[in-house]
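Feature annotations, reproduced from Swiss-Prot:
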- 10, 11, 31, 32, 38, 53, 79, 80, 81, 82, 83, 148, 174, 182: NADP(+) binding site (BINDING)
- 144: active site, proton acceptor (ACT_SITE)
- 173, 184, 191, 205, 206, 207, 208, 218, 282: substrate binding site (BINDING)
- 182: active site, proton acceptor (ACT_SITE)
């Protein structure tokens, strides 16, 4: 069985979709459906089983071999996390993101099960250069980023002793289908689309930290491309480590808004004041250094913002 934690969430459900497209339906989704709206991400997917995240963790900790799943666990894609960068309950974040990840990690390395997990570019904090997979470049701005940084450090410490595949992927700004449940944490493309559909103009922040209006730049990566990187590592088990998962391109928010306007054929960008509560806690620029990922042989192209947002708009407004 293929286990996808966070499988009803944004990236997890897209990963299940790609697995289905490859003919794999022996997939177990682990999630927390307290937010019942997430079920819509699973409706059009074929899975073999569903299990609540707490039950799964309890069985992992007890050393359960999941004999009811034919052949046990083949691989764990660990996408489940509290991904709200605005969540400041550190105890909750550390339990869900750090302790849970450690439990899965030890279960996998003891049994030599491939473990591919979601890290985050939030580990880099507010820097404007050197987004390189090295602890000296990591300085997160929020407790979410810290929980991801700490787990990366934990994995790095164990790496020399591990005999099976362990891969951490530092996701940059991911956008695309199946993120509607994320509310304020959904991508800029999602929110701009909602604004235009309501008859409003798409709104971007005014300039701040030396960036012009709408000119803050991020490495925006389409969710399909993120899933392809995950699946490539699973098919190339000789590679382990922590890798950036971006495009290597920084594009301004302006490009996202223009792609949304182009799809709808209406609207003009409106600039709003930069919120005080985000000053000093906001990544104004991100750009993945792709040297390490390209160095292990990943050579697929990544969609530009214009290409990815066009695809996404077609899906959202279908």
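From the backbone N, Cα and C atoms, a Cβ is placed for every residue, glycine too.
Recorded features from Swiss-Prot, shown on the structure.
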residue	record	Cβ within 10 Å
10	NADP(+) binding site	26
31	NADP(+) binding site	25
38	NADP(+) binding site	22
79	NADP(+) binding site	28
81	NADP(+) binding site	25
83	NADP(+) binding site	23
144	active site, proton acceptor	24
191	substrate binding site	16
206	substrate binding site	14
282	substrate binding site	16
Open item on the list: Restricting to the record's NADP(+)-binding residues (10, 11, 31, 32, 38, 53, 79, 80, 81, 82, 83, 148, 174, 182), give me the longest CA-CA distance in Å as a whole number.
Closed with: 23
- [ ] Round to a whole number and give the Cα-to-Cα distance in Å for the pair residue 144 (active site, proton acceptor) and residue 83 (NADP(+) binding site).
- [x] 7
TODO: Identify which of the binding-site residues 174, 208 has its Cβ surrounded by the largest number of other Cβ atoms within 10 Å, counting every protein chain shown.
DONE: 174
Task: Residues 173, 184, 191, 205, 206, 207, 208, 218, 282 [recorded substrate binders]: greatest CA to CA distance in Å - done: 21
Task: Assigned conformation of residue 173 (substrate binding site) - DSSP reduced to three states - done: strand
- [ ] Measuring C-alpha to C-alpha, could you say which of the recorded positions 173, 182, 191, 206, 208, 282 are within 10 Å of residue 83 (NADP(+) binding site)?
- [x] 182
Task: Pairwise Cα distance for residue 81 (NADP(+) binding site)/residue 206 (substrate binding site) [Å, integer] - done: 31
Open item on the list: Quick check: of the recorded positions listed here (173, 182, 206, 282), which one has the Cα closest to that of residue 31 (NADP(+) binding site)?
Closed with: 182
